């Protein structure tokens, strides 16, 4: 009897202990899971911040350097009052568009161009000596005796008696970078970093894409949400969504083989690689985004609204354009903006079909070049850490700012939408 | 001659036989109340009268419904015109996200009335008709969502009346409203009776008793009893009706 009664509390005690252990274990497990979840989101956020930080740090470098190759300099005669030049002016000088110093605020003196290789026009090989040992003296002499000279040469030829004046080249300002109309990042003697043609190219292609895609996408969304039978919709919607899953290089290939020749023959152009080709390819790529989002928005139109309209004798079509479309307007806008967002950031397909000419476009039938295509095409040939390299990062920053703005816009539009529904 | 006549109406939602052999007729300028427990088919029947059930996939209807001498389920029936003649007010007030004025004008516009003066005049008269004018005359350009639930429902009635229907279907029009708004709508129904044939679905026995001339009791998709409201409420012929009215079930 005694052992029996002593046994009972033991059993209970054990049970309590077990439960306690269990709860502890459960709590620990939950804590572990929670911290894993937290770590994942923290890691993601930090990565995003790091990428943006990296992008802007690298991109800012382009505004801190002189746009001339390292180890080279531009020099003029000591008496020349012009001491500071814009990169674009230097380009014009070497392209012989500016031929007199007076155009730059200097004396009335014709400009004499001098590149290292031109030395033999002035001196014989004997005068220059073996292995050009006399080169520094001669160049010094040449600059000193030619008042209109502008010389581009390596700074290893500058010696102690150098009497010329080194021309100060202005750094590329943010304004010049954005408004410059020439993109020659590898030009000699100074690189031209004007991204206006690239920004325009990007915007043109995207705008064209949205103009082509929006009507088709809207029509498809209306059909799917309001007109198609359930079975048709269940068949079509996955198909359209599949369009979003095709790799962009395949779209580019399709564009290159089908759309480019088509545009070339239809408009009778010398080349079919035009802004229009890019727009068509991008329009096809943006379709699934716009269709899916606007269709969802339309299907969210409360049944009560549609019934109210129909009960007043409105036809199906009147109900669609007087009730469904206004009600889903913000959803449609969001879809269109996201579609543009995709078009602006798209690289491969555009690179393949737009011809990549960095000029400000004047027609959809001219070749253009977009920001992402420029980065993709040129990053491989830009020396790491150089000015060109940093300029490409600055382009990346511009792209980031544009797409960030677009995402903010979507947020704004959809927020207004949810506010309206309350 | 009856305004609305239905003969052996059967209705199916897919496999579900929702209405069984309903034959029911309503006289012009009367109020008919449809009562019965939830899911008994009274709303389904109401929505047959303006072919609102056409919108639901996988439904089937047999039998005939004749309004003003014409079978509305004939192939050549113009559904838009039918709905213009048979107005509807829904359970929850469902104004459009437009201004008060535009809500009432909507039906006029979709039915091809473009004359500004005519639209304005009809909007004003119908808002007066539902006794809402004094409350909204200063905010016709404001969103209809700024109104209270009861005002919204009266606006919805005005919206239905603006296109001059001869029949008005009301699907539990006061179930989402407070008692004061409810009594206002009941008064309105009482006044509208002179001009319109009204069919009203209601869960509120007192309401059916107050506003209707005739009452139909539905149960499990069948029409159990249909008679003068007075008779139904005082000496119903069938036990089931009495049980429902006295609250023994449902």
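Numbers run from 1 along the shown chain.
Glycine residues also receive a Cβ, built from the backbone N, Cα and C atoms like all the rest.
TrEMBL lists A:36-57 (among others) with the feature transmembrane segment.
The domain 'ABC transmembrane type-1' annotation in TrEMBL covers A:199-410.
The transmembrane segment annotation in TrEMBL covers A:203-227 (among others). Under 8 Å from some Cβ of the transmembrane segment (A:203-227) lie the Cβ atoms of residues 233, 236-237, 240, 275-276, 278-280, 282-287, 290-291, 294-295, 298-299, 316, 320, 324-325, 332, 335-336, 339-340, 343-344, 350, 354, 361, 364, 368, 370, all in the same chain and six or more residues away from its ends.
Long-range contacts of the transmembrane segment (A:239-263) within its own chain (CB-CB distance under 8 A, at least 6 residues past either end) are made by residues 220, 224, 269, 272-274, 276-278, 280-281, 284-285, 287-289, 291-292, 346-353, 365. Sequence annotations record features per position, and here TrEMBL assigns transmembrane segment to A:239-263 (among others).
Feature annotation from TrEMBL assigns transmembrane segment to A:275-293 (among others).
What TrEMBL records for A:324-344 (among others) is transmembrane segment.
Annotated transmembrane segment per TrEMBL: A:391-413 (among others), in sequence order.
Within the chain carrying the transmembrane segment (A:391-413), a Cβ under 8 angstroms from the stretch's Cβ atoms is held by residues 52, 55-56, 58-63, 177-178, 185, 191, 193, 195, 198-199, 202, 330, 333-334, 337-338, 340-341, 344-345, 371-372, 374-375, 378-379, 382, all 6 or more beyond its ends. Only residues 6 or more beyond the boundaries of the transmembrane segment (A:36-57), in the same chain, are considered here, and those with a CB under 8 A from a CB of the stretch are 393, 396-397, 400. Long-range Cβ contacts of the transmembrane segment (A:275-293) within its own chain (Cβ-Cβ under 8 Å, at least 6 residues beyond either end) map to 201, 204-214, 216-218, 220-221, 224, 237, 240-244, 248, 251-252, 254-255, 259-260, 263, 331-332, 334-336, 338-340, 342-343, 346, 349-350, 353-354, 361, 363-368, 370.
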